[in-house]
Amino acid sequence: MNEMVKKGDICFDEEFSKEEMVQQSLMETDTSSSGGSSETGDENVGRGNWVGRLDFLLSCIGYAVGLGNIWRFPYLCYQSGGGAFLIPYVIFLVLCGMPLFFLEISYGQFASLSPISVWKMSPLFKGVGYGMVIISGIVCVYYNIIITWTIYFLYHSLRAVLPWSTCNNAWNTENCYVRGESVWTNSTVNTTMGYNTTGVNMTGLLLPSGIANGTSNGTSDLAGRITASEEFWQNEVLQITEGIEDLGTIRWELLICLAIAWIVIFLCLCKGVKSSGRVVYVTATFPYLVLTILFIRGVTLPGAGAGIYFYLVPEWEKLLTFKVWGDAAVQIFYSVGMAWGGLITMASFNKFNNNCYRDAMIVPLINCGTSVFAGLVIFSVLGFMSHETGIDIKNVVTQGPGLAFVAYPEAVVKLPISPLWAVLFFLMLFAVGLDTQSK
């Protein structure tokens, strides 16, 4: 803002600093009779500011720590050299993650504008702002579907016997089996196996439940067979059809869960940063509480050490491949959340003198530490599952929805009081998804 000031015979332009503009705005607010609608202490009268000092920090942590930390990083770390993967991961964190994170939040904090309006300084790049908003909108729809699935699994976890733990449900097929189910018998095996086994001791043989129930097609291998957990996911939750030409019917259960997800998001954002800033005190901290509980439980299980070793054992030779370094860079951008517009938006509600440099150091470090910690939680339980079933852990570990809705729930079935751990796990996913979605 320029203003002509006359001192004697000299006229010159006086450029007010941002701090002076803020002070002037506050003075105008105090003297204005209509200023009662704005909350006391807000520097930005029109848009408002975060209420508490930790609101922005926890919001950034919740925004950065998402489902990718839980269902993508552990698998990526295992696939890309275990502990050796942490070297390129940390390098890209320092070279790319922290500087770009600081750039975005400092820019948003200085301008106090949205990702579109902030490009007034250079209208040529305004399309970048529109791109940020479009991508964020698409991801919002995608994330709410994940929250919907989480609510559905959470509902089914509230029962004594988890529905994905058996093959006796309406959605199961003859190819269904439960990993590690035993057949403790020495007689009539030939009738269940489909061939003569006279004189063979079958005591304690690990067989799929379908074979144990006499539904085998005559072979004892697992070709074409599907675990109970995967059948629950495909046949009950998703109800996958034979092709895109068959759209299927409306899943009223999922529709209700989707409506609940959108209602919860609306309640979190209905008052802008004044409401979402309070929600993050729960949604940003609760996942860490659950992860800690699951970690303590996981490391006390037999086979947990083997799972963690499998997760972190370094394979130094993989550092010589470009793919590992590319995966590390992609994971940093994917996880920390630069160039999506969310960081600019959240920082625009900061007060002008907020220490954004401190926040830019803390949030990426917490985000990356959470990724490593989540991997310990996941692989400790998968190691226990491998120990219980006798199946190599590399045959059960996966990423994405397959880890969150198939592999980990199947592993939870092996734990004592399995519904409790299932509820905790899906509550954690709900909190993580809600925290990212509400930003």
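A Cβ is built for glycine as well, from the same backbone N, Cα and C atoms used for every other residue.
The Na(+) binding site annotation in TrEMBL covers G62, A64, V65, N69, S335, N367, D435. The Cβ neighbour count for G62 (Na(+) binding site), using a 10 Å radius and every protein chain shown, is 28.
If you draw a 10 Å sphere around the CB of C167 (disulfide bond), it holds 25 other CB atoms from the protein chains shown. Feature annotation from TrEMBL assigns disulfide bond to C167-C176.
What TrEMBL records for 56-74 (among others) is transmembrane segment.
Residues or ranges marked as transmembrane segment in TrEMBL: 86-107 (among others).
Feature annotation from TrEMBL assigns transmembrane segment to 128-155 (among others).
Sequence annotations record features per position, and here TrEMBL assigns transmembrane segment to 252-273 (among others).
Annotated transmembrane segment per TrEMBL: 285-312 (among others), in sequence order.
For 332-349 (among others), the entry in TrEMBL reads transmembrane segment.
According to TrEMBL, the transmembrane segment annotation covers 361-385 (among others). Long-range neighbours of the transmembrane segment (361-385) within the same chain, counting only residues 6 or more positions beyond its ends whose Cβ lies under 8 Å from a Cβ of the stretch, are 57, 60-61, 64-65, 68-70, 73-74, 77-78, 86, 89-90, 93, 97-98, 101, 179, 288, 291, 294-295, 298-299, 301-308, 310-312, 331, 335-336, 391, 393, 396-397, 403, 407-408, 410-412, 414-415.
Here the transmembrane segment (415-434) has long-range neighbours at 65-67, 69-70, 143, 146-147, 150-151, 153-154, 157-160, 162, 165, 264-265, 268, 279, 282-283, 286-287, 290-291, 293-294, 297, 301, 381, 384, 404, 408-409, meaning same-chain residues at least 6 beyond its ends whose C-beta is under 8 angstroms from one of its own. The feature transmembrane segment is assigned by TrEMBL to 415-434 (among others).
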How many Å lie between the Cα of D435 (Na(+) binding site) and the Cα of C167 (disulfide bond)?
35
Among 56-74, 86-107, 128-155, 252-273, 285-312, which stretch has the highest count of C-beta pairs below 8 Å with the transmembrane segment (332-349)?
86-107
Among 56-74, 86-107, 128-155, 285-312, point out the range having the most Cβ pairs under 8 angstroms from the transmembrane segment (252-273).
128-155
Rounded distance in angstrom between the Cα atoms of V65 (Na(+) binding site) and C176 (disulfide bond)
35
Neighbours of G62, A64, V65, N69, S335, N367, D435 excl. site residues, C-beta within 8 Å of centre, Na(+)
I61, Y63, G66, G337, I366, T370, V432, T436
